[in-house]
Structure formats: structure tokens, C-alpha cells
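**Student:** Pasting a structure here, questions to come.
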Amino acid sequence: MKWFIFCIATIFTFNAHAAEDNFAFETPAQRAQFLSLTAELRCPMCQNQNIADSDAMIAHDMRRKVYTLLKQGKSEQEVIDYMKARYGDFVHYQPPVTPATMWLWAAPVLFVIIAFIFIIRRRPNSQPEDMAAKLAKADKMLEQERE
Amino acid sequence: MKKAPLVIIPLLLFSLLVVFLFKGLFSDPRELDSQANGKPVPAFSLPDLMQPDITYTAESLKGRVTLLNVWGVWCVTCAVEMPYLTALKEQQNVNIVGLYFDQDLDPDFGTKTLSRVQQEVTDMLARYGNPYAFNIFDVYRDTSLDLGVTGAPEHFLIDANGIIRMHHIGDINERVWTNKVGPMYKKLVEESQAEKVAAI
């Protein structure tokens, strides 16, 4: 139970941190949009953080830009496209499906399929034969030793 | 010997993995494919850093091949490359324009005055040399964002028609100039001269 409370508390402190910039929103929906956008946009400077977590100047500026764009009534997709036009696909944590990135989805599926084929093809019927042959061989060796 | 091909599979997978990881050792995660390449300089209207009554627009960068240098006094690497840039300007007559932005100057809470920024810039240029034809002051850092700047120093090679032809992240030193930026610069200069000749 203590752990549970601790985890919940951690989640809430994280949220408080993300919102430290003090942006004022007209509607709760807009605020939710802002939080989700800053969580899924990636900071180009400190590369493994989203712009909500990062304290780099560029992340500050991007948060401010997201805020301004939302205030102007832009949709989430429009904000994402705006950032992509400047920083490339890199800036969004959800990569687009292109010939190069297709493998991210295809590779695990292919792996499972190939593994399945492999398992099915490895029929167990070869085993008894082998065992019989081995036994025969062992018997032969025993007999040889006896002689 | 029917099983031989199966034994090769793990070996093959392993060698593929080794090749993949080995390549990864030498890849630079900072190298992003810049979106600015091949596009015209985004529209802006910004003041001169030293004389705020002068306003520059994207048009101000046309007519000559320009090396746009994004910098600030707070940036250590910028100070390191400054003497080299100054040498480039003096020896090869490279047209270097600064796009200056300040880190402490928060657009929402103006804590730092313009005169203080100017004083810091004057001090720094006096110490390391002044490579700039002029400095554009990106007050709200909007233009940097439009250019896809991630930090400082960054450089843009802009041809005489105002099209961005190269985006270089990081400093310019002798090695970078000889191998990467310099050849492109010379190519652009030749292009613009050819165009001028054709116009006559």
C-alpha cells in the first residue's frame, strides 16, 4: 500500500514539474492538449527528453511556441506539423511509417513468424530414430568392449 | 550434414548485429537531417543588435553568399571559433552575418536590458575579434526556431538568392572549413558569379 501511495505521489510531482512554466489556459481541454503535446515532442538539444521535462533553452522556446500556437486555435496535429517542418520527424516521438522505419513494426512480427515456422518444422519424429540409432551404436560399443 | 545451414544462422545473425553496432559507434546522434536545406530563409523582421533602429528582413541576406552564424556571448564554443571566423573574413573575405540571441533575456520577463547585452557583445568582440558584417538580434528567438536551430553555435550557408544551402551544427574550425563548409562556400560563390555574368 505504501508503495502504491508512493507511486501515485511520484506521478503527481512529475505533472507539477511539467507545468512549472505557468502558462494560463482558457479551458481545461487546452491545458490537457498542451501537456500531451509537450510530452510527445522531443527536445532536439538534450535528445532523450521531451520538451516538458527538458530545461534546455530550446525546450523553453518550444513550450512557449506550443502555447502560442494553441492559443491561436491551432489543432494538435497542426502544432506537430509546425515543429516537424522545422526540426524534422525527429522531433515527434511517434515516428511516421516510411520505407526506412517500416522495420520497427515489421521486424518483431517477422521474428515471431519465423520462430513459429522454425518450431513447427522441427518435427519431433526425428528424435526416436536418432535415439534408436544411438542405442544401437552404444550396444555395439558395449559388445566390442566385451570381446 | 543436413544441419549445417541451421548452424550458420546464429553466426549470420551475430555478424549482422556486430556490423550494426559497429556502425553505431561512429554515428553522430546530433546530426539531424536539417529541414532548412534548400528552402529560402524564413521571413523575419528583426533589429540590428548595435543600432536597433535598423531593421533587417530576409531580403537583407540576398545578393551575396552569406555565412549566417547563430551565436551568443554565453556560448563558449562561439568564443572558441570566433578567431577562426575572423581570419576567414580577413583572409578569404567571407561575408559572415551574426544571428544573435540571448539566453538570459526571457521574452516574458525582460530582466536584462539591451544596453547590457550590447556591452557584453562589444567586450567579447574586442577580445576575440569581430568576424561579423552585422548582427541581427533575434529578440524572441522566433527566427532561430523557424530555422530549426537547436543551440549555438550553428551556421547556415545562404546563397545569393537567399536559399539556405547548408546547415552546419557546431563550430567551424580549420578541419570543418576545409572538409565541409569551405567547398560548399566556394561552390556557391562560383554559382553567384556565373549568374552575375549571365545577367550581364
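Numbers run from 1 along the shown chain.
Any Cβ shown, glycine's included, is placed from N, Cα and C.
Sharing the features that TrEMBL gives for it:
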DOMAIN    A:7-138  domain 'CcmH/CycL/Ccl2/NrfF N-terminal'
SIGNAL    A:1-18  signal peptide
TRANSMEM  A:102-120  transmembrane segment
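Give me the local environment of each listed feature.
**Tutor:** Sequence-distant contacts of the transmembrane segment (A:102-120) (same chain, six or more residues past either end, CB-CB distance under 8 Å): 95.
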**Student:** Over the domain 'CcmH/CycL/Ccl2/NrfF N-terminal' (A:7-138), work out the mean pLDDT and round it to an integer.
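**Tutor:** Averaged over the domain 'CcmH/CycL/Ccl2/NrfF N-terminal' (A:7-138), per-residue pLDDT gives 83.
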**Student:** DSSP on the domain 'CcmH/CycL/Ccl2/NrfF N-terminal' (A:7-138): how many residues come out helix, how many strand, how many coil?
**Tutor:** 88 helix, 4 strand, 40 coil
